[in-house]
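Undergrad: Okay, here's the structure, questions in a sec.
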Amino acid sequence: MLVHRMKLLTASAGILLFAIIFGWVLFPQILKFMISKQVTLKPGTDIRDLWSATPFPLHFYIYIFNVTNPEEVAEGGKPRVQEIGPFVFDEWKDKYDLVDDVVEDTVSYNMRNTFIFNEKASSPLTGEEIITLPHPLLQSIGITVQRERAAMMEMVAKALAIVFPDAKPFLTAKFMDLFFRGIDVDCSSDEFAAKALCTVFYTGEVKQAKQVNQTHFLFSFLGQANHSDAGRFTVCRGVKNNKKLGKVVKFADEPEMDMWPGDECNRFVGTDSTVFAPGMKQEAGLWAFTPDICRSLGAIYQRKTTYHGMPALRYTLDLGDVRLDEKLHCFCDDPENLETCPPKGTMNLAPCVGGPLIASMPHFLNGDPKLIQDVDGLHPNEKEHAVFIDFELMSGTPFQAAKRLQFNLDVEPVQGIEPLRHLRKLIMPMFWVEEGVQLNKTYTNMVKYTLFLGLKFNSGLRWTLITLSLVGFMSAGYLFYQKSDSLDITVPPNIIRESNKVANAPKPDRQQQPKAHLVPLPGVNLSNPKVEHRDRY
């Protein structure tokens with residue numbers, strides 16, 4: 001019995017120890033190792049194929065801030081805007097001219113985005129709607145010259161009147177013309193001023209303009225970005241070090257930017273946003289470099305959530321206030337003078353795009369209250385305007401995401417150009433975009449069956465083993481309790497034999513036993529006994 005109890009106790013302890021070591025230590029490490037070997041950008045892997053050409057389109061939404069009182073604003077009035085949208089596009093992403101460097105464990109490629117108008121999802125909008133926005137060329141050129149080349153203002157004003165005859169502070173046109181097809185820029189004049197102004201178009205300084213013949217260009221917000229090169233990246237493949245998977249090490253063949261007055265702002269941090277390393281720490285955040293704004297942005301952990309029944313972590317992004325972070329003072333015009341920093345919740349894009357453009361969250365969400373007060377018709381809210389990503393850390397999978405950004409014009413009165421003389425100084429919202437993705441079951445099932453079923457199996461196994469070990473401990477304890485309640489006494493054999501001899505010996509006859517003779521004590525008469533009573537003290 002003692003041997004059986006000890007075996008049961010030892011087996012229970014062994015099962016418990018195995019459950020703890022395997023369930024909480026070995027299995028997670030084995031799973032992470034298997035994922036790290038699968039999730040790399042090595043040629044021939046499934047991840048490489050998915051990464052190089054996304055097999056499904058992202059959803060790209062455009063919302064317009066249509067100005068409903070342009071004449072009033074031109075005379076110094078407060079702008080009133082009406083949001084129109086979304087205009088929905090299918091955005092296809094692919095990478096081409098891929099070159100691997102096995103020694104450095106990197107891959108270089110060109111990124112390309114292709115936008116296709118989705119009529120069904122955009123309905124009832126058709127893209128032919130007439131909208132009114134700040135004149136993107138007249139205002140941008142006038143404001144930039146006033147700030148940087150004031151001595152040339154007279155010549156520029158003359159050139160603008162020739163190239164854009166009868167131009168006003170606000171431009172009214174069809175949505176598709178402004179954003180993709182383009183509005184005409186006539187550079188056919190032989191006037192010296194006009195030729196000087198058109199030089200910036202011929203040299204490619206105006207990136208949004210496309211030359212159609214020797215004297216004409218088409219300007220649009222996104223036309224030049226459609227199905228064209230978005231820049232050459234060099235990123236880590238993650239074969240030698242899985243933690244560096246997707247990390248941007250070069251852009252345009254440069255190891256860092258030369259855009260901002262500070263090293264911290266010029267560094268590439270994170271990935272190209274199309275892939276993330278598995279097994280990242282929750283507090284590390286999700287960082288990605290965005291060439292459109294010449295900056296790396298990081299999303300921070302907010303809360304736990306679920307997606308199609310699978311646990312995920314939600315990360316959110318905010319432009320914050322660069323004045324409060326000394327490392328970000330390099331995003332100010334003059335890092336030594338905080339008065340030159342952009343308002344809270346905004347980012348100055350002038351060094352990046354070459355014009356008075358300001359980025360912000362849609363409707364100036366989480367921005368300086370004055371930004372909202374300066375314009376009627378803005379209604380920021382977290383649900384519709386915040387940036388978020390639902391992310392699975394162990395596999396590095398983004399389940400769903402919404403990347404949102406608003407583009408604004410940094411407006412100010414331009415004294416040298418008559419149509420712009422009476423404008424208010426403010427940050428004028430023009431439009432905001434959302435790039436969204438939601439993985440369907442085809443791709444979430446890949447994560448579910450390769451990761452979560454394994455995790456569920458491990459969870460079920462370890463708790464089953466722990467339950468068995470507890471049952472074993474309880475059974476052993478019960479047996480030990482029974483032993484202590486009824487002890488087994490073992491008597492030596494010689495004592496048993498002697499005891500039997502005594503028990504089996506013949507008993508003497510009571511009648512044959514001699515009578516005992518009583519010997520009286522001196523002075524005691526046995527024939528007349530008396531009882532003596534004494535007090536007891």
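Placement of Cβ uses the backbone N, Cα and C atoms for every residue, glycine included.
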Undergrad: If you look at what Swiss-Prot says, which of CYS187, CYS198, CYS352 makes a disulfide link with CYS294?
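TA: According to the record, the bonded cysteine is CYS352.
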Undergrad: CYS332 has a disulfide partner in Swiss-Prot; which of CYS265, CYS341 is it?
TA: CYS341
Undergrad: What range among 145-165, 460-480 does Swiss-Prot describe as transmembrane segment?
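TA: From Swiss-Prot, the annotated transmembrane segment range turns out to be 460-480.
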Undergrad: Pick from ASN213, ASN525: which one does Swiss-Prot list as N-linked glycosylation site?
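TA: Checked Swiss-Prot: the N-linked glycosylation site annotation sits on ASN213.
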Undergrad: Quick one: which of CYS198, CYS330 does Swiss-Prot link to CYS265 by a disulfide?
TA: CYS330
Undergrad: Which of the recorded positions listed here (ASN66, ASN213, ASN226, CYS341, CYS352, ASN440) have a Cα atom within 10 Å of the Cα of CYS265 (disulfide bond)?
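TA: Of ASN66, ASN213, ASN226, CYS341, CYS352, ASN440, within range: none.
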Undergrad: How does the model score the topological domain 'Cytoplasmic' (481-537) in terms of mean pLDDT?
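TA: The answer is 54, the mean pLDDT of the model over that range.
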Undergrad: Which ones in the same chain are close to CYS341 (disulfide bond), with CB under 8 Å and 6+ residues apart in sequence?
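TA: Result: VAL322, ARG323, HIS329, PHE331, CYS332, ASP333.
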Undergrad: Measure from the CA atom of ASN226 (N-linked glycosylation site) to the CA atom of ASN213 (N-linked glycosylation site) and give the result in Å, rounded to a whole number.
TA: 20
Undergrad: Counting only residues 6+ away in sequence within the same chain, which have a CB under 8 Å from the CB of CYS294 (disulfide bond)?
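TA: Looking at Cβ-Cβ distances below 8 Å from CYS294 (disulfide bond), excluding near sequence neighbours, one finds MET257, MET259, TRP260, LEU349, PRO351, CYS352.
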